[in-house]
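Taken from TrEMBL, the feature compositional bias 'Basic and acidic residues' covers 311-324. Residues or ranges marked as domain 'RING-type' in TrEMBL: 7-45. Among the features that TrEMBL reports, domain 'UBZ4-type' is placed at 183-210. Residues or ranges marked as domain 'SAP' in TrEMBL: 230-264. Taken from TrEMBL, the feature region 'Disordered' covers 123-176, 303-324.
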Amino acid sequence: VDELLRCGICFEYFSIAMIIPQCSHNYCSLCIRKFLSYKTQCPTCCVTVLESDLKNNRTLDELVKSFSSARQQLSQLVLDAPGVCSKLPAGQNHGKNPAPRLTLKEEVPKIDGFLKKAEDCTSPKAGGLARAGQRTLNTEKEEHNLHSSSVAEADGKESGVGPQGSPESHEKPSTSVVKGVQKVECPVCGVAIPEQYINKHLDSCLTREEKKDSLRSSAHKRKPMSKVVYNLLSERDLRKKLKELGLSTHGTRQQLVRRHQEFVHTYNAQCDSLHPKSVAEVVKELEKNEKIRVKLEMNKPSENTMTFTKEQTEKEIDEIHSEY
C-alpha cells in the first residue's frame, strides 16, 4: 500500500494527485507538469500526453491523507509489541518456547484497540453510514440464518413422513433459498439501486449537484498560467514579468528563465488543489528553494572535479585522474 501511494517521479507520497486518462497512471501535479515540459509523454508507459489531459484524483489524495495518519499509529503498534523469541540472545532462547505464543496473544487486543481508535477518528457522517451498513448486513445475515434453519426444519419433517424422500422435496428448498435482489430505479439519475439502499442513495443523489458546484468553484478558483516561449522573449520583458509576479529580477538570463519556469509550474500545480496557495506563498517557497540551491552549489567542494585542457599531455591527464 505504501508503494502504491507514492509518486513514480519523486517517490514521495502523492501531493495533489493527477491521473493521466490515457493510461491511468498517477503522479504529483508539480512532478508531472515539470516532466511534461521536458517530454510530452507518460514517464511510466511513454504514452503521449499533454498538460491539458491531466485530471485530478481526489480519492487518491484522501487515501494518502488517511494512510499517513494511520501509518504513524501502526508503526507505534509494531514498536510497542513485545519482542519475539528470535530477538532474544541465544542463551535465553532455550526453555522458553511459549514466548512467541504469548506475544501473539498480547498483540491481538492492541490491534483491536487500534481499529476501535480508527473508527472513533472517522467523521460522524462516515461513522453513521458505516454503522448503518453494518446493521443492514447483520440483519441480512440473521434473516438468511433464520430462513435456512426454517428450510432445514421443513426438510426434516418432509423426510420423516416417508422412508424414502422424494427428489422434489430436496430441490424445492434450494430454489427458495436463492432470493433475487430487487432493484429500484432512482428517480433522479435513473441508476438501478438495491431496494434497501435506495433511501441512502437518494440522499446523496439530491445533494450531489450542490457538492458538484462547490467542488467546481473551488477547483477553478484560479486559471492556470499559459506557457511562455522564452526564445521569443527579450531579457527586458522577462525581467518585467518577474517583477509583476513579485520575483527577483537579478541574475543571468538563464537564471531568470529558470525562476519564471519554476513559478509557472508551481502556480499551475496549486491551481489543481482544492485549497491553492496564494501567489505570495508560492513566491516565498521559490525564494527559499533558490537560497538552498545556491548554498549547496557554493558549499560544493572544488577538489571533487577534474579539470584539464587540450594542451596537456596524456601523462599529465593521467596524474590529474589518479589524484581525483
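The backbone N, Cα and C atoms fix where each Cβ goes, glycine too.
Averaged across the domain 'RING-type' (7-45), the predicted model reaches a pLDDT of 92. Long-range neighbours of the domain 'RING-type' (7-45) within the same chain, counting only residues 6 or more positions beyond its ends whose Cβ lies under 8 Å from a Cβ of the stretch, are 51, 53-58, 60-61, 64, 67-68, 227, 261, 265-266, 268-270, 272-273.
Broken down by DSSP into helix, strand and coil, the compositional bias 'Basic and acidic residues' (311-324) contains 10 helix, 0 strand, 4 coil. Helix, strand and coil residue tallies for the domain 'SAP' (230-264), in that order: 26 helix, 0 strand, 9 coil [DSSP].
Per-class residue totals from DSSP over the domain 'RING-type' (7-45), listed helix then strand then coil: 10 helix, 10 strand, 19 coil.
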